[in-house]
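Straight from Swiss-Prot, the features:
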{"type": "REGION", "residues": "31-250", "note": "region '44 X 5 AA tandem repeats of P-P-[VIY]-[EYKP]-[KT]'"}
{"type": "REGION", "residues": "233-256", "note": "region 'Disordered'"}
{"type": "REPEAT", "residues": "31-35", "note": "repeat '1'"}
{"type": "REPEAT", "residues": "56-60", "note": "repeat '6'"}
{"type": "REPEAT", "residues": "106-110", "note": "repeat '16'"}
{"type": "REPEAT", "residues": "141-145", "note": "repeat '23'"}
{"type": "REPEAT", "residues": "146-150", "note": "repeat '24'"}
{"type": "REPEAT", "residues": "176-180", "note": "repeat '30'"}
{"type": "REPEAT", "residues": "186-190", "note": "repeat '32'"}
{"type": "REPEAT", "residues": "191-195", "note": "repeat '33'"}
{"type": "REPEAT", "residues": "196-200", "note": "repeat '34'"}
{"type": "REPEAT", "residues": "206-210", "note": "repeat '36'"}
{"type": "REPEAT", "residues": "211-215", "note": "repeat '37'"}
{"type": "REPEAT", "residues": "216-220", "note": "repeat '38'"}
{"type": "SIGNAL", "residues": "1-26", "note": "signal peptide"}
Amino acid sequence: MRNMASLSSSLVLLLAALILSPQVLADYEKPPIYKPPVYTPPVYKPPVEKPPVYKPPVYKPPVEKPPVYKPPVYKPPIYKPPVYKPPVEKPPVYKPPVYKPPVYKPPVYKPPIEKPPVYKPPVYKPPVYKPPVYKPPVYKPPVYKPPVEKPPVYKPPVYKPPVYKPPVYKPPVEKPPVYKPPVYKPPVYKPPVYKPPVEKPPIYKPPVYKPPIEKPPVYKPPVYKPPVYKPPVYKPPVKKPPIYKPPYPKYPPGSN
């Protein structure tokens, strides 16, 4: 009850205050009074220079993340029914015969190859000593052979026609020169023999005519060189480690 009485009294006081307030009691018939705006000059604040604050680099250790285990996902095999492709019949392609003219290949002259003689030094083989083998004499008794009497057989003379033998061509055999090491012979002293001077008449040699040799031009076909394929060289990317540059302050500390 006391609370209700206090609430009612407070409400009455509030209503009285609102009614008796000067805004409610103001006379609205009077025009408003003009008040010019008051100019407030701006206040000058000099700029404050703050020296740069040096913040050392913060070391952040690398965070190691454990590997995440992903169980294998089972994918059932997808059944693809076989696709029937009917056979394609291609008509035979007629290729007319290509005429290739005969290629003229001139004879290639191969000069004879001269091989120098191969020198093989004599190989020294020491004599092998073989001791004499003793063989006892074998006794053979004499065999008696009675004399055989053969009557003379008459052989008529046989006529043999002369056999024609064509000449056999034997190619010249080239024997490589045999190397004979020089044999040292001591000088033999021979007394000088006097030979009277012999006068030989001059021998006339007629000039020999050598006809000019005509050599046919040698045809050298152009040599085709196929292009050489050079596979691309793989150069792995070069990874340069990051260069750590410590942060420098914009102004040296203590300059202000």
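Just so you know, the numbers here start at 1 and follow the chain as drawn.
Keep in mind that glycine also has a Cβ here, set from the backbone N, Cα and C atoms.
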Contact call for the repeat '16' (106-110) and the repeat '38' (216-220): at least 3 Cβ pairs under 8 Å, seq gap 6+: yes
Intrachain neighbours beyond the repeat '30' (176-180), with Cβ under 8 angstroms and 6 or more residues off its ends: 117-120
Reported mean pLDDT - the repeat '6' (56-60): 87
Cβ-Cβ under 8 Å with the repeat '6' (56-60): same-chain residues at least 6 beyond its ends: 246-247
